[in-house]
Amino acid sequence: MLDDNEKLYPPSDAFAAKAHADRATYDAMYQASIEDPEAFWAEHGKRIDWIKPYTRVKDTSFAPGNVSIKWYEDGTLNVAANCIDRHLETRGDQTAIIWEPDSPDDDALHITYRELHRNVCKFANVLKSMGVGKGDRVVLYMPMIPEAAYAMLASARIGAIHSIVFAGFSADALAARINGCDAKVVITADGAPRGGRITNLKDNVNKALLHDTDDVKCLIVRRTGQQIAFRSANDFWLHEEEEKVSADCPPEEMAAEDPLFILYTSGSTGQPKGVVHTTGGYLVFASMTQKYTFDYHDGDIFWCTADVGWVTGHSYIVYGPLANGATTLMFEGVPTYPDAGRFWAVCDKHKVNQFYTAPTAIRALMGQGNQFVEPYDLGSLKVLGTVGEPINPEAWNWYNDIVGKGRCPIVDTWWQTETGGHLLTPLPGATATKPGSATLPFFGVQPVILEPTTGAEIHETVAEGVLCIKDSWPAQMRTVWGDHERFEKTYFSDYKNYYFTGDGCRRDADGYYWITGRVDDVINVSGHRMGTAEVESALVAHPKVSESAVVGYPHAVKGQGIYAYVTLMGGEEPSEELRKELEVWVRGEIGPIAKPDLIQWAPGLPKTRSGKIMRRILRKIAENDYGALGDTSTLADPSVVDDLIENRMNR
Ligand code: WTA
């Protein structure tokens, strides 16, 4: 059944015939995965190589007070060996990584699996020589260069746990993450070129480690050749250290449930939490989704435009594709440099087959006009993907018509840092798509929609409420680093016996899922997840700010923009200068992605008599929808609302 404005886009017969899964295969495999998860995942666990095979498959519980998630628990393996060594015999000379630099005038690199093996082994031995061993934490603060992938795989090879901090985060945010996991080594570069400009990464690391008392070491990749300040005896150049080590580094035997990485992500309260992913289940799921969601076939060129600082880069630039023996493209630059045709130029240049990006990028490029797409031959493209936020039908149609020329199935993949891989997604040869819907669950995933207040599961097909997942899947996060209680509280306490995603969702008559956005205080700015609490705490850390409340509002390109209400300290006067000062301040505290788009001076914030800020009202005003404020009678001082409406910034 279709709503009036819903059009179905089924895969062509020709596409379905060659795909890993057509509709019948998807239905049968999905059914099997739900009826007998043990048997299904026992079978599909074999897609990766185990040193010691598992005999136990699934041991998971969402029970209150006893949340515990284990997959393939008694198996042992090494992720780097799966991503590299096992391909050497059959595809040693195949390109593993294509690297496209920031400037189109510089040469791209093609790194074969054999070269990748050598580079990763050397890198791993350098880390060992710096005292890094199994279970130690390594922080990466890197440009999008092959060495970022080497560093990830080198950590995995020796059993260290990496925590990547997106290079757009500030020195303060970096320091918090270094301390949060007690990192032994920080891996960085002298500088990171992006869009023709250079971020001084090593400077930021120096700032982050200014008060370090733990002798954190720093390993530096030379990227730009710029002058950098060395800190005493704890800093090392990668190229110098590599000369001192051998290229022989046997992979460490890891238990399936040993941590592979930590990745900090924003939540609705407090500071970011360290999401922990482990070794076996994560790799099974990342590689399986990469194969099926994108219908990846041997020899295809796969390009995910994310940054390795986000989970998308972990699962779909590095681990998923390389575990499958794919050729994965890594792009250092930005979509609009030197002009808005760069993505399409790179697709044409490297004959990309599967292309995976974020709606915010699609909207930005759509706004620049079709003349940036037209000069390029996009005939190699087979599948287009999106991730990170709901895609509006206008952007979906542009992607479909102008980029895909109506030939390429679009996979709108819904998932989260916490989920490790796709949970809701079309399969390109199986699923008829609808613009704006992430469609159906991946194998083994049981989505449910709950009534938000009662928590009752809605069994009717047509439903709207909060999205939860009923049972575990292999790449589910296992815990919050150092704080299992927070893990349980965040994801398993609002709705007992379910994993709570934080997203609102609608299910239509065809059983298709439509994500309606976060139901908590997380906002999604250009596909980047941001906790409003983080921006608030950055703002109130400024000496002139007494109070602040931050909400999201609809933004044509970014999806959501950051709207900050700021109350100043007594005696401070609002001014344009102060507005600029606060913007710069937030950039310094968190990073450029957290800079408020709109700052409204608020003499007071709407609060209940018990002092709780009524965010619902602030959201409505920010959305310029103040006619629908609802009940304001519980406010301590209803008159503050009139002032906020009067001086609203988004008109
Ligand atoms: C949102 C990114 C709609 C959602 C992989 C989720 C999406 C949050 C989609 C996770 C999509 C991600 N459609 N919304 N296809 N994909 N989201 O942790 O709100 O950075 O909860 O992971 O992004 O963001 P995160």
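Numbering starts at 1 and runs along the chain as displayed.
Even glycines carry a Cβ here, placed using N, Cα and C.
Just so you know, TrEMBL annotations never went through curation; they're auto-generated.
When ASP401, ASP494, ASP503 are compared with the ATP site residues GLY388, GLU389, PRO390, ASP412, THR413, TRP414, TRP415, GLN416, THR417, ARG518, ARG529 in TrEMBL, the one appearing in that site is ASP503. Between the alpha carbons (Cα) of GLY196 (CoA binding site) and PRO390 (ATP binding site) lies a span of roughly 30 Å. Only GLY388, PRO390, in sequence order, out of the binding-site residues ARG194, GLY388, PRO390, SER526 have a CB under 6 Å from ligand 1. Break the domain 'AMP-binding enzyme C-terminal' (534-612) down by DSSP state and the numbers are 24 helix, 27 strand, 28 coil. If you measure from the Cα atom of VAL540 (Mg(2+) binding site) to that of ARG518 (ATP binding site), you get 24 Å.
Most Cβ neighbours within 10 Å, among the recorded positions ARG194, LYS612: ARG194 holds that distinction in the structure as shown. Counting neighbouring Cβ atoms within 10 Å of each of the binding-site residues (GLY195, GLY388, PRO390), the lowest count belongs to GLY195.
Each residue of the domain 'Acetyl-coenzyme A synthetase N-terminal' (26-83) gets a DSSP state, and the totals for helix, strand and coil are 26 helix, 11 strand, 21 coil. Mapped onto three states, the DSSP output places THR312 (CoA binding site) in helix.
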